[in-house]
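K.L.:
Reproduced below are the annotations present in TrEMBL:
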DOMAIN    B:30-299  domain 'Gcp-like'
BINDING   B:110, B:114, B:131, B:292  Fe cation binding site
BINDING   B:131, B:132, B:133, B:134, B:135, B:163, B:184, B:264  substrate binding site
Ligand SMILES: Nc1ncnc2c1ncn2[C@@H]1O[C@H](COP(=O)(O)OP(=O)(O)O)[C@@H](O)[C@H]1O
Ligand SMILES: [Mg+2]
């Protein structure tokens, strides 16, 4: 399999002349890459871009995909992730700023956000704190939807908390959409991520999330939430086999 | 201990008998399948067929296990999820048998049974479960006492997608020929990948947009083989992606694929590659036990009965929309 060191060889060996009020010096463009997470479609490295702490998100080639298809997908996702992140950042939603991107190589360099992934720390938070965080998450999702962005993977695994601050990360499945059906799917995904991983805290988390979401979206929130109910009631979720066809492999 | 299980949630009336006393745990496995002349299942017609076949299938099961009903320790029945009229047939038979022979009645969730029989047959212990039956597509994993739904289709199932496409463009029925789905076969000669909508949302997939776009491309003159190839790649790979997402999130070390669509060699090869990338073990439930059958109900009934799960005959009502994550699994830790 390909390695990120090869993919980014030129950046990793490039020196930049940095001029500051303290003088002139040479600095590696990108250095000290260290793998910190291997996900379903990307590997995340910590490192430095000049003097800044960054993370590098590299969408690696998938050997189970035809090459052409793989390249198309990775390129599209890099572009969508950068565009939606920048738009969210501009709207004042706390997201890591993309500093550098290369769609051909499947790479984005983001500002590093200090803190912990919410999913890993939910159990350590007391109820008022958890409520505050979830309310903020509701507000941020409400704002994203108001500016026409669907996050696509709004789960507690894609939230970083640091003291009082809450950041939304991973716009890898995000897109622009004003359709309320798409907004409802975002909320549904958030609810289900809670139900499948934070058993016992669902009630607080949902209630406070809805509070935040409604504060931003006002009347629209009601429409979206009723669509969420529809998805959950009528979706495949219930394992109903209404349209079941006959492919029995025999 | 011996348990008799009854399956009648959709198109199959199945009776299985299992025992926990032998390695060969299956004592009987009898089925009758309703095959609609064309199109999907008509619930009422299917239920009529099931009711007609029930006595004969039950008799055959008892004969092949060489036992009589007084020899079994409990009667298990799939009370849902499924089609109301079909479920009622199985429930009626099971209630009557339990009352007449004074046997404990054990309620079984059909989706849980698909998982449990898969685990028993493949030997997988705690996998990410990819459930791909004709009408359902979901990714599940065991967590805190239940099978939790991590992802699923937001609209139609993978099997539906392939069958419907095949029917609309005239490739089927039949949809499976020589172990290959007709769309897989047609895709073999495809050369060019068309851009079709690839929809993964969180851990969910959606296929109805893909179906519409693929049909539109075909009707506008695109090469059918190219459309098949593109459709298959988009559909299969989105399933692989949500499975990978569940693997990285749950950190489980196994993946088990179950359901009729799991029989596709192309899909299986993709899963094998995925398993290699993540260094996990991959299991595929053999088609015979991946489709609806009575053995899976009997086996799950046996596990449940040993954990003390029984239901009063008066309360044994069907549940068409019984969710898999509503069921406690006390026999697993
Ligand atoms: N900007 C960032 N700052 C700090 N950590 C990050 C940042 N981006 C990602 N991470 C870490 O990497 C993990 C995976 O990143 P993410 O973008 O969610 O990729 P994936 O698509 O694989 O889920 C996150 O859960 C988090 O721990
Ligand atoms: Mg993520």
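Cβ atoms here come from the backbone N, Cα and C positions, even for glycine.
Situate these features within the shown structure.
P.N.:
Less than 8 angstroms from the CB of residue B:114 (Fe cation binding site) sit B:131, B:133, B:258, B:259, B:290, B:296, each of them six or more residues away in the same chain.
Over all protein chains present, the Cβ of residue B:184 (substrate binding site) has 20 other Cβ atoms lying within 10 Å.
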K.L.:
Quick one: Cα separation, residue B:132 (substrate binding site) versus residue B:292 (Fe cation binding site), in Å?
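P.N.:
Distance between the two Cα atoms comes out at 12 Å.
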K.L.:
Is any of the binding-site residues B:114, B:132, B:135, B:163 near chain A, in the sense of a CB under 8 A from one of its CBs, and if so which?
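P.N.:
It is B:135, B:163, listed by sequence.
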K.L.:
Under 8 Å Cβ-Cβ from residue B:110 (Fe cation binding site), six or more apart in the same chain: what's there?
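P.N.:
The list for residue B:110 (Fe cation binding site) reads B:7, B:9, B:78, B:80, B:81, B:82, B:292, B:297, B:322, given in order along the sequence.
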K.L.:
Name them in sequence order: residues not among B:110, B:114, B:131, B:292 whose Cβ is within 8 Å of the mean position of the Cβ atoms defining the Fe cation site.
P.N.:
B:9, B:111, B:113, B:115, B:133, B:136, B:258, B:259, B:296
